[in-house]
Amino acid sequence: MHSYDYLLILAFLVLLLAPAPWLGRFFYRVMEGERTWLSPVLGPVERACYLISGVDPKTEQSWKQYAWALLAFNLAGFVVLFAMLMLQGLLPLNPQQLPGMEWSLAFNTAMSFVTNTNWQAYSGEASLSYLSQMVGLTVQNFVSAATGLAVLVALCRGISRRSSHSLGNFWADMTRATLYALLPISIVLAVFLVWQGVPQNFAHYIDALTLQGADQSLPMGPAASQISIKQLGTNGGGFFGVNSAHPFENPTAWSNLFELVSILLIPAALVFTFGHYVKDMRQSRAILGCMLALLLIGGAVSLWAEYQPNPALNIAGVEQTAPLEGKETRFGTTGTVLWSVATTAASNGSVNGMHDSLNPLAGMVALVNMMVGEVIFGGVGVGLNGMVLNVLIAVFLAGLMIGRTPEYLGKKLQAQEVRLLVATLLVMPVGVLVLGAIAASLPGPAGAISNPGPHGFSQLLYAYTSATANNGSAFGGFSANTVFHNLMLSLAIFIGRFGYILPVLALAGSLAMKKTAPQGQNSFPTHGLLFVTLLTVTILLVGGLTFLPTLALGPIAEHLSLGF
């Protein structure tokens, strides 16, 4: 590594952490309906949305009403997007005259984007019209992220409220999250990307002649507006097939840096939003410390692994400087590895290089980031939800060790809360191990693997881990566009999304009804170094031990077999 590489890592951390406290405070004020500097502009738009839809933002909902509203909204979005993808050949803004999607692929794509997963078994420039990209996928990029933010706010209210039977209003939370939290930042980033050279037009594809004399079609389209929210909303689905490795999607080192920062910016800010809700910023600092520790450990391991010389090339006597297979030279090894860690630490899934080409242990870091439940920053809203669940599990374990009824911020954790926590622990194993085992045991679906041996198993394991974790990235050698995998991965995506959201809302409703007991000297502190250590170990044990056998069969076996 050179000085530039260290400077890149430092710039990434500074740009990520410096604005996070301010944004966190802003998001808190926005979601609670307080007046902000954007209110004169967006306030009339917000009120118009309520008037047109007949929503009273002051009418609060119980956790069940909140959940039903969320499910109804997501179902409607799925149906509309599925129909749009199937019928895109008949719809306008399709200058390339692309036909409608095959039904299983359309089903998978709709499920993927509605749930903020953005798993893509297609190439955007060859499969989707501008209308499908702009009205179908980009809209879902906004509202799926807003859904996650709304669920987080509901959980924050459940923890902070006393003897309450309501969690807020889903429709108001969705509207505020979209208008105030996501839209303004996305516009700023989109303008920056256009300045850097990302297309934003409705032009036909351009036929060009290469230096070698071959014909080439250069894709166009409204890319910048979709790419900005794909990063900020931790969606990750690329406008073009190779995602942010494409020179039109990520043309410069500056666009690479700011797209990289935007992956984790809102999740980092929401940690401070949580502190404002519970009126204790020490909780935010503890959670952020745990997230940063896990991120930096994963980044260090991944960078070390990726800079190891290839044993096969050593035997051949080839001089090695940096492994560039599957990487864009304009980003280099460090820029690609840093992105792979950030995109899997969040439920983003965008890539600026091919994860399939990472060295085995670097690929394992990406897998582990997802297997722990996308809690290392995680997706917008849902990532912090997962981290708070791990906080409650750590508190429960601490209570068992000291022989006291576990409590968090004055709320006692009793049998009902523990049952809900256990239910969320089953989500990743069911989606990854059960569905993945079914796919691996059948000869037809297993044929999607392009590489025999441990790496082929890693390809399949990565696909089902990514789907269940609502990440969306993939080892590119896995041929996912079959009816079986389209439907099975859709099921994994559904389990991974709503298997977390519904128990979280039920938990929020249960906690909201509890009274808050004053914390005494015997209360277990949840803001010191001891608790941060306990929380980190809990995350690694719950995620690591569950999936250790599969990791041993995949990336660990590959690492050993290659002679690293």
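Each Cβ is built from the backbone N, Cα and C atoms, and glycine gets one as well.
Noted in Swiss-Prot for the protein shown:
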type: TRANSMEM; residues: 7-27; note: transmembrane segment
type: TRANSMEM; residues: 67-87; note: transmembrane segment
type: TRANSMEM; residues: 135-155; note: transmembrane segment
type: TRANSMEM; residues: 179-199; note: transmembrane segment
type: TRANSMEM; residues: 258-278; note: transmembrane segment
type: TRANSMEM; residues: 286-306; note: transmembrane segment
type: TRANSMEM; residues: 382-402; note: transmembrane segment
type: TRANSMEM; residues: 420-440; note: transmembrane segment
type: TRANSMEM; residues: 487-507; note: transmembrane segment
type: TRANSMEM; residues: 528-548; note: transmembrane segment
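When each of 7-27, 135-155, 179-199, 258-278 is scored by its Cβ pairs under 8 Å to the transmembrane segment (286-306), the top-ranked stretch turns out to be 258-278.
Between the transmembrane segment (487-507) and the transmembrane segment (382-402) there are at least 3 Cβ pairs closer than 8 Å, counting only pairs 6 or more residues apart in sequence, which means the two stretches are in contact. By number of Cβ pairs under 8 Å, the transmembrane segment (67-87) is matched best by 135-155 from the list 7-27, 135-155, 382-402, 528-548. The highest tally of CB pairs under 8 A with the transmembrane segment (528-548), across 7-27, 258-278, 382-402, 420-440, is held by 382-402. Here the transmembrane segment (382-402) touches the transmembrane segment (135-155). Their Cβ atoms form 3 or more pairs under 8 Å, with each pair 6 or more residues apart. Residues 12, 15-17, 19-21, 23-28, 31, 145, 149, 152-153, 156-157, 159-160, 181-182, 185, 189, 192-193, 227-228, 231-234, 244, 250, 284-285, 287-288, 291, 335, 338-339, 342-343, 345-346, 348, 350, 352, 377-381, 383-384, 388, 409 of the same chain lie 6+ residues outside the transmembrane segment (258-278) yet bring a C-beta within less than 8 angstroms of a C-beta in it.
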